[in-house]
């Protein structure tokens, strides 16, 4: 009696999708590392902005969970996770909260674009499981994350503008004072 080989878990899983998921896993881990670095920056005694630190700790955790979920998906589909070295965050000290937020927005947009590319690849390869998983677990959350960062940047710009105007008014009053009466 001939025993048929065990069925392979891998079905309708194109090697390009597997490679793209490995790339996305590494990108999510990089974003997690960068956000953790940002949390540390805001938590330092020089900056001491606890709420910003907590915000970036949550973002780091979310990105880590995204990577874990993609690893699980890779295993479920019969793929192999090929983890590369995660790059060290390219900037570990920033000059301002606004600079940190702009950097975070840039990373969030990059992660989102990579997800959109993966989504397009899943469509092209007719991988409905991957397509649906990206829709359900990633794309909506990523759009919300980008919006949250854009809102924070707008708020910081408004506060910075207000601070500059108040500083100018105070400086004028203190230095020029009653010069118009002379």
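Note: Cβ is positioned from N, Cα and C throughout, glycine not excepted.
Annotation comment: TrEMBL describes 11-160 as domain 'Ferritin-like diiron'.
What TrEMBL lists as Fe cation 1 binding site is 28, 63, 66.
Look at TrEMBL and you will find 142 tagged as Fe cation 2 binding site. Spatially close to residue 142 (Fe cation 2 binding site) yet at least six residues away along the chain are 108, 111, 112, 115, judged by Cβ distances under 8 angstroms.
Residue 28 (Fe cation 1 binding site) counts 25 other C-beta atoms within 10 Å of its own C-beta, drawing on all protein chains shown. Within 8 Å of the centroid defined by the CB atoms of 28, 63, 66, the record's Fe cation 1 site, lie the Cβ atoms of 27, 29, 31, 32, 62, 64, 65, 67, 70, 111, excluding the listed residues themselves.
Annotation for residue 63 (Fe cation 1 binding site): same-chain Cβ neighbours under 8 Å, separated by at least 6 residues, are 28, 29, 31, 32, 35, 111.
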